[in-house]
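Features reported for this protein in Swiss-Prot:
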- HIS161, CYS196, CYS200, MET207: Cu cation A1 binding site (BINDING)
- CYS196, GLU198, CYS200, HIS204: Cu cation A2 binding site (BINDING)
- GLU198: Mg(2+) binding site (BINDING)
- 1-26: topological domain 'Mitochondrial intermembrane' (TOPO_DOM)
- 49-62: topological domain 'Mitochondrial matrix' (TOPO_DOM)
- 83-228: topological domain 'Mitochondrial intermembrane' (TOPO_DOM)
- 27-48: transmembrane segment (TRANSMEM)
- 63-82: transmembrane segment (TRANSMEM)
Amino acid sequence: MATWANLGLQNSSSPLMEQLNFFHDHTLLILIMITVMIAYIMFMLFFNKFTNRYLLHGQTIEIIWTILPAIILMFIAFPSLRLLYLMDEINSPLITLKVIGHQWYWSYEYSNFLNLEFDSYMIPTNELDLNGFRLLDVDNRIILPMNNQIRILVTATDVLHSWTVPSLGVKIDATPGRLNQTNFLINQPGLFFGQCSEICGANHSFMPIVVESIPMNYFIKWISSQMN
């Protein structure tokens, strides 16, 4: 999700997103090296006067251009597989948050507590505070404790949605009749914005997500106030 004057990825706010950023840079470096090498070879072939009229086949070069791409692909595949398994791993979560997608808003349930649930709608532009974020702010934010493992259970009631917060490295489909899960750890306090990333109808663009990360002692106070 692009932000103002942002030409790259958003700043990482979770260990998983830091790993995804590293993998992005790692893969991009390999692609740049391949592009430069191919461009150099093509340039040298076009602008030299060497010819070999009797070359029918070159077994050595054929072996090289078969084995070398396989080795390069392994350098991309192994870190990618490691990340895929990291994203599926659930590490003793402290909090479980259930997310339900609707046309066109989100519902949240804190599974560890009784009767703690709410709907989250986008605040219309004409009702927005002066310092609010247009098309991104919501009436009820998700409040989560920082530096703790959080499990997210995601589903939908009508059509396909996708719960996505880029700076946390989270993108998980909300599918009717299916419960998907993932986990993350927020390593700093702040507000983190996301949006539905699956086209789900006329108001697909108006399903923002706001996660507010706070220290544990403030989270306990917030839970107490909600329960009372």
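Note: Cβ is positioned from N, Cα and C throughout, glycine not excepted.
Everything Swiss-Prot records as a feature, shown here on the structure.
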| residue | record | DSSP class |
| --- | --- | --- |
| HIS161 | Cu cation A1 binding site | strand |
| CYS196 | Cu cation A1 binding site | strand |
| HIS204 | Cu cation A2 binding site | helix |
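GLU198 (Cu cation A2 binding site) sits 5 Å from HIS161 (Cu cation A1 binding site), taking the C-alpha atoms as the reference points. Outside the topological domain 'Mitochondrial intermembrane' (1-26) by six or more residues, the chain places 76, 79-80, 83, 86-87, 164, 166-170, 184-188, 190, 192-195, 213 with a CB less than 8 A from a CB of the stretch. Over all protein chains present, the Cβ of CYS200 (Cu cation A1 binding site) has 21 other Cβ atoms lying within 10 Å. Look at the binding-site residues HIS161, HIS204 and count other Cβ atoms within 10 Å of each Cβ; HIS204 has the fewest. Sequence-distant contacts of CYS196 (Cu cation A1 binding site), defined by Cβ-Cβ distance under 8 angstroms and a gap of at least six in the same chain, are GLY101, TRP104, HIS161, SER162, TRP163, THR164, HIS204, MET207, ILE209. Across the topological domain 'Mitochondrial matrix' (49-62), the model assigns an average pLDDT of 78. Cβ-based neighbour count (10 Å, all protein chains) for GLU198 (Cu cation A2 binding site) stands at 18. Summary of the Cu cation A1 site environment: with the site residues HIS161, CYS196, CYS200, MET207 set aside, the chain residues having Cβ atoms within 8 Å of the Cβ mean position are GLY101, GLN103, TRP104, TRP106, SER162, ALA174, GLN195, SER197, GLU198, GLY201, HIS204.
Take the mean position of the Cβ atoms of CYS196, GLU198, CYS200, HIS204, the recorded Cu cation A2 site; other residues of that chain with a Cβ within 8 Å of it are GLY101, TRP104, VAL159, LEU160, HIS161, SER162, SER197, ILE199, GLY201, MET207. If one looks beyond the topological domain 'Mitochondrial matrix' (49-62) by at least 6 residues along the same chain, no residue has a Cβ coming under 8 Å of a Cβ in the stretch.
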